[in-house]
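Inspection log for the structure reproduced underneath, given as structure tokens.
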Amino acid sequence: MVQLNYHVDLDWLMSKLPPEKANSLPTTVVHGWRQDEAHIIKEQVKAFQNVKLVFPSLPIQYGTHHTKAMLLFYNDDTMRVVIHTANLVSSDWRNKTQAVYTSPVLHKKRSPQLSSSPAEMSMFEKDLTDYFKAYGHQLSRFCELFKDYDFSECKAIIVASVPGYHTGVNKKKWGHLRLRSVLEQHVVIPDECRDRSTVVCQFSSIGSLTTSDTWFREVFGASLSSAKNRRQCRDPTLKMVFPTVEDVKDSLEGWNSGGSIPFDHNNYMKQKAWMRNYLCKWRGIRSGRHRAAPHIKTYARFTVNSAINNADSEGSSVEIVDGSESDAILAWFLVTSSNLSKAAWGDLQKKGEQLMVRSYELGVLIWPEMFKTPEGENAYMLNATKTNLRPIPPSALVPQISPPLSSVTNVVPVRLPYDLPLTSYDFDAGDECWTWNVPRSEPDWLGNFWSGS
């Protein structure tokens, strides 16, 4: 087992294994505990002789190892890759909204020759290998293991960040330029999203950006707006989903959940003037996650479709709603560890010749064309809010979209973590972004106060 994460409670993690495995399963834990905090996990690891700790090199100041992923190798010669958004601590898995991508069960390659031929690598395998190579000798042995497995069934593209000053061909391998490159090369925005669409950036932390929206709109926004058919599309509207002070106060953990939603108050004051045009509240009522504070990080481009009418479809794979609420057709969807920061996504320097990235991050991107049937039928990714996802009858979909959804049998449910339509901040009514270093004198619903330190 390989665990890559930021904060790791090793005792809690190993307690989730079968008892006979906790002290025998060969385990590598790549963590992001700072050197002044690392004594916590170094003390815990003394109880587990089967666990090796790795603290990766961070060549640029203020960087972190923020990736959240697992490699799981099984006794039957299969493996799985899991990429997610949660720290390996109890509260992140119990009380917060998170997202998890799980690969199919990956089998050994049938032909031994394929294990040594880079030309035969799937894009997923190549990108995963490149990411692990970035750790250097500490994790290089896993790159050799990847060669034996067939990743061709992974219907997702890796979007990662590694710390460094990236130039030349490497500049487009990481951060927001990696996202831009994939969107430009592979993603065709569907007809429904070309004239009117929204890109929603939803995250649990905001870095130190500029006092204007230049980076968010012109640099990062240019990557978010990219597409293979960009010239045929209007630029999307950009929005942010981030919890208000009230959202945190009323969450399952009350003020304490705010410790996992770091946004510096001074940065907020510097950025508030331009951020207010983009900010939307955290609302997850329809998915039953409104009070589970968002530690999830997602980025998505979609068009709202309120024409999907209510229908009697037993066990639908998307929630069929009437016109009083909105659902969405998605052009693409990204789950990642990356919050809204230059440290995570990268900052262009030297007149665009260099991308400076501070942190390790990992995510997966999907779009409809990935899910075409062997017969060539188009796929549609629709917002899903129901827990029990089962096939949807095409007759339940209103044929007001070209090509008509009623003729499409390949519908892919994707659960947006927030409600649609979005709810903008009401600053006149007192809405404010959560910032974690401000004392809160009013008790939360649990009766607790927040010291802000």
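Along the chain as shown, the residues are counted starting at 1.
Backbone N, Cα and C atoms are what each Cβ position is placed from, and that goes for glycine too.
Per TrEMBL, the feature active site, nucleophile maps to H66. Cβ neighbour count for H66 (active site, nucleophile) (all protein chains, 10 Å cutoff from its Cβ): 26.
Long-range Cβ neighbours of K68 (substrate binding site) (same chain, at least 6 residues apart, Cβ-Cβ under 8 Å): L4, N5, Y6, I83, H84, T85, A86, N87, S337, L362. Among the features that TrEMBL reports, substrate binding site is placed at K68, K297.
Marked as active site, proton donor/acceptor by TrEMBL: H295.
All protein chains included, S341 (site 'Interaction with DNA') registers 21 other Cβ atoms within 10 Å of its own Cβ. Per TrEMBL, site 'Interaction with DNA' is recorded for S341.
Rounded to a whole value, the Cα-Cα separation of K297 (substrate binding site) and H66 (active site, nucleophile) is 12 Å. Here H66 (active site, nucleophile) is positioned 13 angstrom away from H295 (active site, proton donor/acceptor), judged by their C-alpha atoms. When the alpha carbons of H66 (active site, nucleophile) and S341 (site 'Interaction with DNA') are compared, the span between them is 12 angstrom.
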